[in-house]
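To start, the structure itself, in structure tokens.
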């Protein structure tokens, strides 16, 4: 025996004996090893990792766990273990050493002492964990787990020894030895072991809930908080959610609360603390102040202003605060990654042991237990790796989420304080993108960031092991890999350029669609759809061409990657064999090398992607830094000195909008005494609003001083309305006081509006107040200010958007000397001259200066700027009739005689222009919730009688909601949708793809089986020809694979394109043929979404998903086939494993899909709330409610996390379950190979190396198949739109028989005609009958909602008849094709719609008219001079919606369109707001001369335009009340027409 080692002396017996433990059929360990190494390992583990436990105690947010059965049991059993161990120590002193014949060794003393120390520590943690509220400890669980597992060998040893002792005792030997010490050890060990097992069991559960928690833990808290360690690493706590999601689709209420650690309240203070530190470092302050760690004591986190203090050293960056705040968890995660990487390389080593075991089977068989040990070892390694990687990804996600939270909130807080100059630098969209895109980038990057060190590490280790197998030949393989990288990089950059190109086409197409859908009504009236359909399809064809190029490139990348592993192994093996005759391929070499090459594949793929990602994130960092370092508003712009005499004082103020050189306001001096009403007037652009902004502190103060005392309320010129209910908008965070609220509503004239709204004041207002008219928004904005009950009121022209009589009401009830605000200090910017006599003081602005001030009377006497302003204002003709009279009265009391003459003249002018209020029409459309409220642009309000309001309310109840809510798809997708998709791809391509994929896998298996054949062939060593034959065939196999792969991925891409082309064309075709009512009830955005988002998914995402799923599915099949070939018994296991797999997948897909939907639904409110805040920031600052908005934003972020977190966990939950399934496949594949007596080492190597890959494959397969389920919904949605109701046919065969010049006379006859807008609504026209002869001019008049517009819409069959008919020139129009009818009538619509494109395309989209004809039409419509003046003439580009033409010019373009068509019937839906009087006369003249022999129907808004028509139709409530010539009607004073004319001062 070798000389004693120190350990041998320590134990008094042998420590290690390899012949006992390894080279034997029945392995065993020495007692010394069992009692030292196997006991001390868990103890050492515990002492080492106990630091983590202390860290958890420190980090815990809770305190004070009550005693429970579990904690009492833990305490008792730990004490029990201590007692037993102390007893062991005492017994060692009693029974051994000293007098007894048994010597006492160091082990007998030190063994128990180490255990006692460890158990004391465990005991110490029980009260500590209770006190600090830690419910479970991973370190302790792992300690007991190791302890129990590693004590198993000793159990076997003790039991065997006990049996031997009994045999000796039973054998009646004379001299029976004294076994008392051994017997004592036997009993004490088994009691000890039983206790240890109980402790392990107890540690599987967590303690009770803590009594004191920092945050309230509700019944809905996330189970993870009180889950035990075991439940946490297996994600068992998520089972309940997975089950719930599987049974029925998850709703928002099913989700758990957020973990407090991830909420804004926890994340922000830390981040703010480090950010502020960083700011101080970068911007040296004059005085150094120390700041305590930020806390959420008062619920506020303050971020310091980088611009605020002193000299600038550099930009403060977000990176250092991010490292410092979240680096800890990140490093902890990286530590896991390191372990996982190292474990990856243990697998090929074990594989080589298994192959060695099988190789030796024929010659010198090894004992069976070794084979089993290797298989189990492989399984254990894989399982450890699974658990560790799950924890790694989990940590990374948490870091990503927290960084995103911190950045979003940081950006939000900054946006509330940024100065106006800085805000101008970027659009609202760009600022929102900082949040939506840039903050999200970090989240996506954190998961991969560790690849920066992990990838080189993996490649390095792999090369090291490969070198050991194959020597320097590895370098040849490596060279191939390295050549691949730039090749791929090149292709990737090409793909990127194509992608950018495709994006531009897509944007163009979506923009065009947007225009088409916005102007769809006009397209239908003109029958212009085919022209626009063609334009869209042209762009789409270019887009498809780009996508096709991308498809070829994508196929070549996947081709490169699929041939990479094969080429690498081919080159390496060839080099290895051909460099030296002695080199031979053994099975071991082949399969270990292949396993190692497989490991390298992933890091090599990720590196190029990672570089791109990092580059993008750097750009994001720059953008966020720029924003966070931008100028903030100077809080010292406005002082709040209470000692000053008046509440608002400006002294010699010079102000600018942040552009240093440009001063907007110069020497402003102004004081507003307490409770006074001061008006600021002046022409447009004279700086009235700027004065208000200066008082608010929104402008940069260059010199002078501003002082305000008291709380402010502010009504901006452009009302800012939140996406909330009407009531929330008015309360604006104040408590609801019913009495006061009702007073405010009445004073602001909102009562009738609220009654009309479907849900009263609880009606939700769309974004930017989309479903309110301008006047309603303005009044709500005013009501908000009045309800707020502030001390100072700044009203920036609140009466501009409302009707005159409403304005008067509001002035009297709210603003004026008798209004609700009479005891407040008010500053009013106004255009309304009528109110000026009632104000206390007037400031007149001119070119950014106060030109004069004083009372109304004083100013009129001065004959200064104010008088000029009055005259100019009157000439603009904005006042109503009664106001003109009032102004005249006021002036005659105050003004000087010489002033009166010009003013009288201005009043006269204004009179002739006044609109008759009695028929201020809002067109029937506005009742349909679509048409704009059309009247004088300034007066969007029209107050109809209470009767019509009541009828509207009834109508609202019938219609319910106008806009139908979008269905969020729940549950699975029907098979029909997949069938539709496959049909669109085409049967040939679909089958070809499957066949090619199948062949690819077959060749891959073939080439691997060939390798095994080769490595098993012993002749190769002597026969070089045979060796070269093997090498050649192997190469041929490989190249076949590569070719097949290329074609299969190409087929999929091309099939996908074919499909998306068909689907897009179907969608477009059916969408343009929708009846108008569908466009009325479907929000435009939803339709555009189909054309952008859904088509994009079908273009790009789906083909990729399908490609991955197919390749991975065949890969799994191949794995099963290969393993079954080498060990057929494996098929028995595959069925149960398949079941487990299937269930995990079903549970996951159902839950995950719904979680993703909920997450995306909860994400958009963050951004829209942010966008809203950025637009309304001056209002928010004026009311000083920043804190409330910050809290709202925080809550929205938290709510998004509530949905996001479970969906990340769902991924981990699935990964662990699937990878365990994969690990079982590894276990059984290797076990059967070892036990099944398989003697072909090549096949074993093959089946095990396939099994090693299967885990990743399974994971990907489920991920991607669930992605397909999520994305195929796009196909479903497009299919659904393709199957909607269509309008009548555009062209009919019979149309061709009709004469080319129909209608030749233009006779129009309505007989008992009825029509309604949609099914289930009331009739709008109730049996209208009249006859118009060819060439007659007919005017149609009536109040709002009388059915005037419906008449014209029915003529064009935009709405189909519900009874009766319309006959034009003897043809019943219901029998004609729509385009036949619409192209033979002409309409000049009320609001002129233009499309982006050339002027020519806007006049003649089908390109059928000659240039002469077009110029003639332009000349007649008085646009010739304008068009000639344009550089590009007829090709002048018109911008979207015609924004680069004035409204009047647009109206003239519409006239030119009508002149070009020149049909027998012309309908004139008269424009009101658009045209000034001169143009209006021109239009009338042209129509009279050019259309003199046509039938003209005019819907009149001003009576003077139809006074000379042949007949007048007076409509009321859908029926004709009068039909005669105007003179006839005017002769009858009782007629309705007469009373209208009287109102309009025409009689």
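Keep in mind that glycine also has a Cβ here, set from the backbone N, Cα and C atoms.
Within the listed segments 261-280, 281-300, 301-320, 321-340, TrEMBL records transmembrane segment for the stretch 321-340. In TrEMBL, the feature transmembrane segment is placed on 75-94, out of the ranges 75-94, 155-174. Segment annotation: TrEMBL labels transmembrane segment over residues 37-55 (candidates 37-55, 56-74).
When TrEMBL is compared with the stretches 1-18, 19-36, 109-126, the one noted as transmembrane segment is 109-126.
Between the transmembrane segment (37-55) and the stretches 109-126, 448-467, 987-1011, Cβ pairs under 8 Å are most numerous for 109-126. Beyond its flanks by at least six residues, the transmembrane segment (1031-1054) meets 548, 551-552, 554-556, 558-559, 562-563, 566-567, 570, 573-574, 577, 989, 992-993, 996-997, 999-1000, 1003-1004, 1006-1007, 1010-1011, 1014, 1103, 1106-1107, 1110-1111 of its own chain at Cβ-Cβ distances under 8 Å. If you look at the transmembrane segment (109-126), the same-chain residues 6 or more away from its ends with a CB under 8 A from one of its CBs are 10, 35-36, 39-40, 43, 46-47, 50, 53, 71, 74-75, 78-79, 81-82, 85-86, 88-89, 92, 137, 140, 143. Over the domain 'ABC transporter' (1308-1542) the predicted model carries a mean pLDDT of 84.
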